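Here's the structure, in structure tokens; my notes come after.
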């Protein structure tokens, strides 16, 4: 197969945006599209290789997988054994245990399935998963388990219709991805059935389904268009962009156009420049190394990385990638250096050793014997977090609790309703104690991910949000139908509304973030007016300040690595400099104008002094994670709620 330097250059435009996106550099918010560019390149190159085999006497599956092993395994094993050593040294038991599970899954190229099963509304631990990025390798290898056989079958029995067959399979995959964008976004992200069309774009080029361009002007124009279709999404896309689905068409078509048209063009010559080609040559190792380096550095530093540290992890990633290319990858690419038997035995031996290491860590729950004190601390807080997530009254479906369900406080008919998402549910334990002491009953009406607003529909934050409209309408009807309800406490993560998570297909058909924010505040205010009209007093609890670094992670990293946990005691409140926090405050200020029986309870003073907020109190955590309070934190907030609630209940 003829070498094309411009394709190595295209790899640079795939990997660099991914690295800079993960490093948090501004201007690369859509850098994740680089993975999709890799898929197109892979589909093209692998299909060309398979077609050469078929043309030279037939496809040899053992020969195909021998090439895949020599291409993938040396650098992958180097990375996996290195990350195991780093995790042993730096990770407390719970993090080491989770790492080991992902290690075993990565060896079997099944990490995408593991991460798919772990992903949920409460899964905020992406930055603690050094092997999270291997999901894309798993998608590719799962595709290549099936694709060689499919291509061989098509080439033998449907050769005349080969292009049409590839197109039909690709369109079916794209259609599933488009459907899943709104209905199953996690499924859409991680699984090969919704990514296959991206690899098949490259395959379509390889089989000659797209006619060659003879016009130099047309090739130059299409190559430039292809480059723009990659660069613009890297700059414009963000974590709020529904992806992959239709949004993935721009970067993948851009890669397709470049592969098809870039040779002997201005763009192609740019892609073939030696420095750009070299980065493309190290792109596989750079992709493998950059994320573990970022994860372990952030974990040890106990904070998000500043400019110098960010430069350091990027530079370190390039250095490790270069070492991997020259001293690990290159020696194994020399032809006829190893027999096929040796290649398969080495792959099996390395895989087996990694599985044994990972299995030992899993069976010993993260090898707790390395630091028993850290293990005890971690188990305690992790247990609280697990119980909170599993609480039956924090709903994950659209069903509102019935009249006798989810009651807190003294026995009886509820006079108070706690309504909202997990930010409302975190107040439930302390509100339960308060209600018992004061002799009233509270009904908890909470659903993960769903603020207490009347929404027509949500842009999916996760699969859980699909039921938010149903839950919101049913909750309001339930409250209005009960004449015993005197007070409603509403709490939510209001900055999610400020972020525009309900734009485009949302309240009133909002088309912009600003319209979404306005309609969110109107919905919240309208709900308050409806409740007030029935004589129900409304207390809207302001959002708690959100730390940039998970205090639980910060403390357990400090305890395990012998650092001072006092570094985790305070943080600078995001509301002092974060646009979303300011906008969410504006939304609540509009609600406060409802007046009368609606009031806003400011939580900032309960946890902060100026812009400095507490993450621990007397050595105890106030937060379970980076967005939810611990029981102690809930008590601190409930103390602020107690006199307001008592005053509201004392009114006739």
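Glycine too: its Cβ is placed from the backbone N, Cα and C atoms.
A TrEMBL annotation is a machine prediction, not a hand-curated record.
Note on TrEMBL: of 72-91, 372-391, the range annotated with the feature transmembrane segment is 72-91.
In TrEMBL, the transmembrane segment annotation falls on 103-122 of the listed ranges 43-62, 103-122. TrEMBL assigns the feature transmembrane segment to residues 134-154, out of the candidate ranges 134-154, 407-427. For the transmembrane segment (282-300), the list of distant contacts is 8, 11-12, 14-15, 18-19, 22-23, 38, 72, 75-76, 79, 82-83, 86-87, 90-91, 95, 127-134, 309, 312-314, 316-318, 320-322, 324-325, 328-329, 553, 557, 561: same-chain residues at least six beyond its ends, Cβ to Cβ under 8 Å. Note on the transmembrane segment (134-154): residues 35, 38-39, 42, 46-47, 50-51, 54, 59, 61, 64, 68, 72, 76, 102, 105-106, 109-113, 115, 161-162, 165-166, 169, 190-192, 195-196, 199, 203, 288 of its chain, located 6 or more positions outside it, place their CB under 8 angstroms from a CB of the stretch.
For the transmembrane segment (12-41), the partner stretch with the highest count of Cβ pairs under 8 angstroms, out of 161-181, 187-210, 217-237, 306-328, 343-363, is 217-237. Two recorded stretches are said to be in contact when at least 3 C-beta pairs lie under 8 angstroms, sequence spacing 6 or more; the transmembrane segment (103-122) and the transmembrane segment (306-328) fall short of this definition.
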